[in-house]
Amino acid sequence: MASVLNVKESKAPERTVVVAGLPVGLFSDQLLALLVKSHFQDIKNEGGDVEDVIYPTRTKGVAYVIFKEKKVAENVIRQKKHRLARKARHAELTVSHFSDKIFSSVNAVLDLSVFGKEVTLETLVKDLKKKIPSLNFSPLKPNGRISVEGSFLAVKRLKESLLVRACSLLEKDRNFTSEGRKWNRQNPQRNLQRSNNSLASVRTLVPETARSGEMLVLDTDVFLYLQHKCRSYESTLKKFHILSQEKVDGEITTICLKNIQVGSQPNNAKHVKELIEEWSHALYLKLRKETFILEGKEKKEKRMIKCACEQLSSRYPEVLINFYRTHIDIIGSSSDTYLFKKGVMKLIGQKVS
């Protein structure tokens, strides 16, 4: 199975693009690679001579395309829309710069136990695999938890699908409660207990504002950058009187938006959602992440790395630095993260790899 190492070893990262959104299961891997190569050699798609197509990779539906010229790679990225041939159902592709830390693959742990009374969890997982074949699913655990891995867009689609299903389940519970009050008065305590148990389970998955507002799912790194480095995020929420409730779940963050001012336009939350989606999409294509591993290092070396990051923070105001117990993430544009990492390595007396 190919990986970013194949690209790094080819010494051609600047001539490489990451292509996500490939249709999985329609063709053999070899035929799909040929379709991708044909698409990016077509001058109509701003393409040119392709040196190699690396597919399959560790992430389903993602390929690496290496061009013979750096200029061609830049041209295809500037092209706003890329769709494969008709035989590939005109699959819409996402094309971005190559980076070994690009947000092309994310992991998420989901708790499906809330759906246990509605459908057997094995059947639910089977349906999800069929609906989004580009995702990798771990075996379902007895407690209803399951891990998924794939492109951010695929994981986002999965989370949104489950949230919609959870909201539907919540509505059924509300109807059940209402019907119980109207028709079944013989044992109201049992009805109330059943309803409350089910509602409590669903509420762990569906934030309060999602039931009466707008919901969207973002990559956590993109969200943190948007929240801490983009002034427009907080100012827009304030301008349109929107309450934002965020739930960080590993590499995925769910945001729920709701109008908080009486008499405000009902479409304000929807408008703000569209703005955030537009900003996050632009950041998703622009941002890169570098990580300094602290785990296993001596205390002195850890302090040196932390101090170097703090020292450089004022010089690179557009770089987000997230300090964790085991590592430090730096997020920003390709050039900023590269120069930041180079500066840290210089300050601690090491060469940039």
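Glycine is treated like the rest: Cβ placed from N, Cα and C.
In the predicted model, residues of the domain 'RRM' (15-87) average a pLDDT of 88. Summarising the annotation, TrEMBL assigns domain 'RRM' to 15-87.
Sequence annotations record features per position, and here TrEMBL assigns region 'Disordered' to 179-198.
Marked as compositional bias 'Polar residues' by TrEMBL: 185-198.
Break the domain 'RRM' (15-87) down by DSSP state and the numbers are 28 helix, 19 strand, 26 coil.
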